[in-house]
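Visitor: Have a look at the structure that comes next, please.
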Amino acid sequence: MTTGSHRALPYRGDIDGLRAIAVTAVVAFHAGISGVSGGFAGVDVFFVISGYLIGGIVDREIGEGRFGFAAFYARRARRIVPALIATALGTVALGLVLLGPGELEALAISVTAALLGVSNLWFVHSTDYFVPDARLAPFLMTWSLGIEEQFYLLLPPVLLLLRRSAARTRLGATLALVAVSLAISVIATPLRPVEAFYLLPTRAWELGFGVALAMAHAAGYRVPGRLQPWLSATGLCAIVASVTLFDEHVRFPGHAALLPTLGTVALLAAPDSGLNRRLLASRPLVAIGLISYSWYLLHWPLLALLRVAAAGPVPPALPILVGFGSILPAWLCWRWIERPFRRPASGSDRRTVRRYAATLALCSLAFGGIALSGGIPARVGPSGARVEAMLDAGRGNPCLAGYGTDRPNLSPACAPRGDAPLIALLGDSHASALGDALRERVARHGYGVLQMTAASCPPLLGATLRMTEHPGASRACAAFNTAAITRAASDPRVKLVVLTAFWQSPFSTRAQVMGDGLVDTDPAGRARTNADELRIALTRTLVTLRRAGKSVLVLGDVPWIGFDPALHAWSGVLPARRAIERRVSPALGSDGTAPRALVSPLDDDASRIVAASATAVPGVRHVALRAILCDAQRCRTGDDDMPFYIDTQHLSRAGADFVLARIPALP
């Protein structure tokens with residue numbers, strides 16, 4: 001079957017208008033415009049529209065006996081691939097002059113995953129959409145394309161299985177599958193929020209609602225004309241409410257995604273309403289809707305690369321200018337790439353599919369080659385190689401247990417064998433950042449390091465950090481600390497125990513909004529404030545270690561930097577990046593320091609509690625790392641082109657060497 005046999009559905013301008021609302025919401029959200037904190041729900045609008053249009057075509061062609069896989073995937077390729085490849089080429093070209101090797105490697109991997117239709121599977125293991133680092137992934141926006149392409153691999157076979165059934169039976173079966181996917185989404189979202197956001201089983205129901213509506217229309221079901229104005233108004237209000245009332249703290253998708261999804265269904269079900277015909281089908285909205293795919297693709301890489309190159313806070317107007325200014329290259333992409341390639345080429349659909357498959361394979365090999373090369377490190381010379389080596393050294397540590405791990409890693413790398421005296425290092429990832437530097441420093445004096453650290457797990461007895469995004473981690477953290485502190489207290493080789501952590505974590509705004517914080521490990525324990533929990537649990541920990549005869553050193557946390565020193569380090573290596581940073585973030589300078597205005601407060605509640613608790617227990621020493629790194633005006637963030645941080649809060653090896661050399665309590 002060739003594409004010539006495909007008869008398009010009657011054009012509905014209101015659907016392009018709905019696309020315009022969806023893409024504008026997404027761009028506004030990504031640009032940081034206040035009032036559209038839920039703009040990410042625009043993607044859910046796209047999902048429903050996609051299911052309605054594409055699912056409707058597949059269902060109709062199967063019913064008429066005209067469906068062919070080659071024809072279907074040829075249409076999908078012409079619609080999706082040309083603009084995607086153009087965006088990939090442009091983004092990687094910019095990456096060659098703006099990104100360090102590790103950054104370019106990550107970009108090349110994500111681009112390859114996007115071309116293969118699996119970028120959502122890549123990002124589910126590497127990125128949380130709502131955390132700050134997600135803003136730095138230039139191809140993050142393609143996760144939704146992965147959802148769609150996986151959905152359309154499954155939809156035709158499912159509908160073919162139902163082809164001999166009556167229309168009502170097919171519709172009922174589709175709604176049953178929608179209900180199953182929705183149930184999975186509602187259950188999984190609070191338990192595995194990242195997976196629920198990115199994976200098909202928890203998203204399929206949104207596209208499925210669109211498919212079901214198309215089936216209902218094909219079967220002759222229509223909303224009475226007198227009800228359509230009310231239905232369309234309700235649907236638009238639901239979408240607007242989603243965009244304006246939701247934020248990154250809403251558990252999404254889950255039941256929250258019902259609001260934009262059903263709102264879109266309502267608008268699609270009311271094509272004859274005045275709102276659809278006069279507002280959604282208006283020329284300005286239709287014009288934006290026509291280029292919505294290209295705009296969706298192009299706006300995000302530009303915003304992400306801007307934030308990467310700036311390293312520091314970006315003036316609020318600039319992301320808005322870039323995000324909405326990207327509508328011009330989006331129009332050019334639509335006019336000169338999308339439109340020409342949508343027209344059927346000569347030859348059969350099978351040949352078209354083979355051509356696109358070969359093109360995708362070649363591009364994937366090229367981008368995969370960039371990834372395998374490590375991001376073409378030859379671009380950055382010896383100075384860039386030193387920066388990359390420093391950052392790489394801080395990105396992984398076998399002695400740092402992941403979420404849900406309830407026992408320390410006691411392999412020889414983390415728990416030395418033999419009779420040599422030991423220093424025990426306990427804490428979370430902030431403690432782990434000190435591990436290698438501490439190990440090398442004390443080895444000169446004949447000591448080893450017993451490192452027992454776990455992600456987001458402050459070293460406390462009797463309290464644990466509750467994290468909504470990692471529900472099982474709280475219990476595991478409590479067990480980990482019991483095992484680690486017991487081991488440190490009972491091992492006669494341990495002469496000194498060093499405790500440090502991101503003490504401020506339970507007091508952060510994000511923790512308060514999410515309902516996270518320190519909780520008593522005893523289910524029947526008293527409900528206390530974070531301050532009380534920290535004070536009581538830290539004191540209990542210190543007393544336990546002192547009773548075991550251990551010397552104890554408590555380290556106050558390092559300052560949280562309001563920009564990313566690791567990103568800033570590359571401005572000294574990449575000229576194009578340096579030019580952007582100097583214009584966008586001139587306060588960062590090039591002397592390895594940052595003004596105090598860009599640093600977290602040095603005297604917060606957590607710091608005072610930790611210092612007071614440590615000094616209240618005889619034999620416990622306390623050192624404030626913030627005092628080592630900061631004076632009254634500025635804080636050190638690097639030295640000799642070497643960043644002291646690998647991100648906004650974790651020390652690099654150079655930073656760890658710097659602070660440890662200034663702690664006289666260490667051997």
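Here the Cβ of each residue, glycine as well, is placed from N, Cα and C on the backbone.
Features from TrEMBL:
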DOMAIN    14-334  domain 'Acyltransferase 3'
DOMAIN    412-661  domain 'SGNH'
TRANSMEM  21-54  transmembrane segment
TRANSMEM  80-99  transmembrane segment
TRANSMEM  106-124  transmembrane segment
TRANSMEM  136-162  transmembrane segment
TRANSMEM  174-192  transmembrane segment
TRANSMEM  230-246  transmembrane segment
TRANSMEM  281-298  transmembrane segment
TRANSMEM  318-337  transmembrane segment
TRANSMEM  357-376  transmembrane segment
Visitor: Under 8 Å, at least 3 Cβ pairs, sequence separation 6 or more: does that hold for the transmembrane segment (318-337) versus the transmembrane segment (80-99)?
Guide: yes
Visitor: Apart from its near flanks, which chain residues at least 6 from the ends of the transmembrane segment (174-192) lie with a Cβ under 8 angstroms of it?
Guide: 158, 201-205, 208-209, 211-212, 215, 251-255, 257-258, 468, 471
Visitor: Please check if the transmembrane segment (230-246) comes into contact with the transmembrane segment (357-376), where contact means 3 or more CB pairs closer than 8 Å and the residues in each pair are separated by 6 or more positions.
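Guide: Result for the transmembrane segment (230-246) with the transmembrane segment (357-376) is no.
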Visitor: Tell me, what is the mean pLDDT of the domain 'SGNH' (412-661)?
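Guide: A mean pLDDT of 88 is what the model gives the domain 'SGNH' (412-661).
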Visitor: Are there residues at least six beyond either end of the transmembrane segment (106-124) with Cβ under 8 Å to its Cβ atoms? List them, or say none.
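Guide: For the transmembrane segment (106-124), the list is 84-85, 88, 91-92, 95, 99, 137-140, 142-147, 149-150, 194-195, 197-200, 360, 363-364, 367-368, 370-371, 375.
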Visitor: Take the C-beta pairs under 8 A between the transmembrane segment (80-99) and each of 21-54, 281-298, 357-376. Which stretch has the highest count?
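Guide: Between the candidates 21-54, 281-298, 357-376, the best contact partner of the transmembrane segment (80-99) is 357-376.
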Visitor: Excluding the flanking five residues on each side, which residues at least 6 beyond the ends of the transmembrane segment (21-54) place their CB within less than 8 Å of a CB in that stretch?
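Guide: Hits for the transmembrane segment (21-54): 9, 15, 76, 129, 144, 147-148, 151-152, 155, 203, 206-211, 213-214, 239, 242-248, 250, 252-253, 257, 259-261, 263-265, 268, 280, 285, 288-289, 292, 295-296, 299-300, 303, 316, 319-320, 322-324, 326.
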